Amino acid sequence: MKATGVLLLPWVVVGLLAVGVQYANSVWRSQLPPALSLAQASLHGDFAGADAYATLETLANATHPDVSAANQRVYNFIHDKLQDLQTLNGSHKLVLQTARHDLHNISVGRQDTVVVSPPPRKERCDAYAAFFNASQIVVKVPGMFASSVLLSAHFDSVAGSFGASDDGAGVAIALDVLRSVVTSKARPRNSLIVFFNNGEEDYLCGSKWFLDQNLTTRLHVQAFVNLEGGGTGGRAILFRATDEALAATYSQVTPMPHMNSIGGSILAALGSFTDYESYQSAGIPGVDIAFYEHRENYHTMQDNLAHISPRDVQHGGSNVLAFTTALLDVPYLGTFQSDDSAVYFDFVGLWGVTLTANTRFLMLLATWLAAGGVVLVYAACFEPTKSIGDVTWRLTTSWSTVVNSLSLSWLGGFMAVLPVAMFVAITRSPKMTWVVLPVAVLGHLVGVTFAAEQWRFRRHLRDDQVPSTRDLAHLAAAAATFADVMSSVVVIKLPGLYLLAIASVTFSVLAIVGLPLVSASIASRELSLADDESEPLLRSLDAAPLYYATVPLTQNEAHKSPSTRSWLFHVGAGVALILYMAVPFHFAIDLAVSMNSVGSTNAGLVVALPTLLTPPLYLLVVWFAQFSIRPVVFVTVFALYGGLLVLAIVGSAFY
């Protein structure tokens, strides 16, 4: 029993760390700011989340598709709110650009939520043109200059949804941003245009109307902020930006910059569109901000007040207010671009990083410096008599093990989620997707374990035998250099590639710190044995063009290798493992959780999700190679995997 416990120790530790990181991520995601009352917000110049949520309660108390009686009630409610702002602050600060109409008298072919002979979706903008022309709401807060920022949100919902997150929350946020700007003592440099558009759910009719009326030119719109809902509640995310400078501004001025450009790719995979497409195609630079969690509730009756909280609205509203206010004070809005999509991500929702060309070059430089540092440290500690060129070449010959771990870990993750993806493809239900991340991690660990076992097999290591210090250090250095070189792809302007760079640099830093400590702390007997074993091994390498990774130990040499290591070595390896899982794995799991939340009903995204976990997990081969891998490891992992799938299947039947 004791031997089995020790045998499973590294896998148990990694599993516990993975669970811990995911739990910490879940706790962090739930930490949202308290919703401020109007009095509190006015005192601090912040967003009034409680007041905005009260507005949302009125907006989302019924389904309100365009060309319906409920939609007309929402239209009138927004006008009433605008009238209150005018009465409170003076009409000179808030100028209506569109007249208020009695929509009830406009004849249409739709009554409330019942459609009578509806035209094809692409033709609805023309079919309901009279209604759409009359039901758009455009207001302006004049600034010192004519150049303006457009804040856009649509107030229609789909027929089968309350539209609380899509897009009632966006409308409520826009109304309170408008309140904050008109009550501010300082006049903005640029003008603010707020567009409450109707018909977004019918092929973007509202934003197309805005463009058809040539309002972008007439109102001098030079930047836009589009508010959307692609899920229900949670943290609002900046998921698309037409310009790196806009994304950088967002990361700098918002209090809680939750942002990741992979959202745009996911949206494209889902075949979804927002008003962002309309504005960008018109040559206007801007951003798309949306509530995205729990995609399974999107366009359903579950998009209701029960699935979005005042704290959610406060989080999104505070960021939108800070960003919009910053744009209103930009000296020259014309510097932003509309055709240069940005790549960016955030760290724990508190700091945003925009991967500009300079930033990507610095990340590339960091990876190559890390690779060079690993080579130098490894050479100094374990190959002091060899030239740097020779050491580098020897390390590259061992890359095959790392490549093997990379491919097998990805394959393991891919195969592990296939049953869940098949379930999603058949049922279009998200009931089993909670298990995607755990089984994807297990699949990766199985793949890494196979790679580690193959590495041990090539060295003829017995089950109770640990690899020599030199061999293990060589594997760690080879893994670090391979990861650093592969991370050169970070220069490509694609979302998600930063995960490779973060994992490789973190691993390399740990290697640079750990290799000298390991070398210095090895017991004198092990060091002596390692020195004795190294000479014939090095001579064999010099005598023939063999690869280091394929040079086996003879039975006699293997027998000399110690079966235990000092407690200091294990403590150091454990600390390094904890630090490694805490940094790159956290970045990966945060992105994977977001992707799983959005793609829970899309089999393609479920299958693609394990790819996000591969960058940090494949390098675990260095830790796993220290221990013998017996059938009990695979039996335990597969039993856990099967148990999770059974639990998910049973749970889906009663959920």
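Glycine too: its Cβ is placed from the backbone N, Cα and C atoms.
Database features (TrEMBL):
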DOMAIN    137-323  domain 'Peptidase M28'
TRANSMEM  361-381  transmembrane segment
TRANSMEM  402-426  transmembrane segment
TRANSMEM  432-452  transmembrane segment
TRANSMEM  472-492  transmembrane segment
TRANSMEM  498-518  transmembrane segment
TRANSMEM  567-589  transmembrane segment
TRANSMEM  601-625  transmembrane segment
TRANSMEM  632-654  transmembrane segment
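Sequence-distant contacts of the transmembrane segment (361-381) (same chain, six or more residues past either end, CB-CB distance under 8 Å): 355, 388, 391-392, 395, 473-474, 476-477, 480-481, 484-485, 487-488, 490-491, 498, 501, 504-505, 508-509, 511-512, 515-516, 519.
Sequence-distant contacts of the transmembrane segment (498-518) (same chain, six or more residues past either end, CB-CB distance under 8 Å): 345, 353, 355, 363-364, 366-367, 370-371, 373-374, 377-378, 380-382, 469, 473, 476-477, 479-480, 483-484, 486-487, 489-490, 569, 572-573, 576, 579-580, 583-584, 587-588, 591, 612, 615-616, 619. Taking Cβ pairs closer than 8 Å, the transmembrane segment (432-452) reaches residues 11, 14-15, 18, 22, 401, 404-405, 407-417, 420, 423-424, 589, 592-593, 596, 600, 606, 609-610, 613-614, 617-618, 620-621, 624-625, 629, 633-634, 637-638, 640-641, 644-645, 647-649, 651-652 in its own chain, all 6 or more past its ends. Counting residues 6+ beyond its ends, the transmembrane segment (567-589) has Cβ neighbours under 8 Å at 13-14, 17-18, 21-22, 24-25, 345, 347, 437, 498-499, 502-503, 506-507, 510, 514, 517-518, 521-522, 612-613, 615-617, 619, 623, 626 in the same chain. Listed as Cβ neighbours of the transmembrane segment (632-654) (distance under 8 Å, sequence separation of 6 or more from its ends, same chain) are residues 4, 7-8, 11, 416, 419-420, 423, 429, 431-432, 434-435, 438-439, 442-443, 445-446, 449.
Proximity of distant same-chain residues to the transmembrane segment (402-426), defined by a Cβ-Cβ separation under 8 Å and at least 6 residues beyond the stretch ends, is recorded for 432-433, 435-436, 439-448, 450-452, 454, 478-479, 482-483, 600-604, 606-607, 609-611, 613-614, 617-621, 641, 645, 648, 652.
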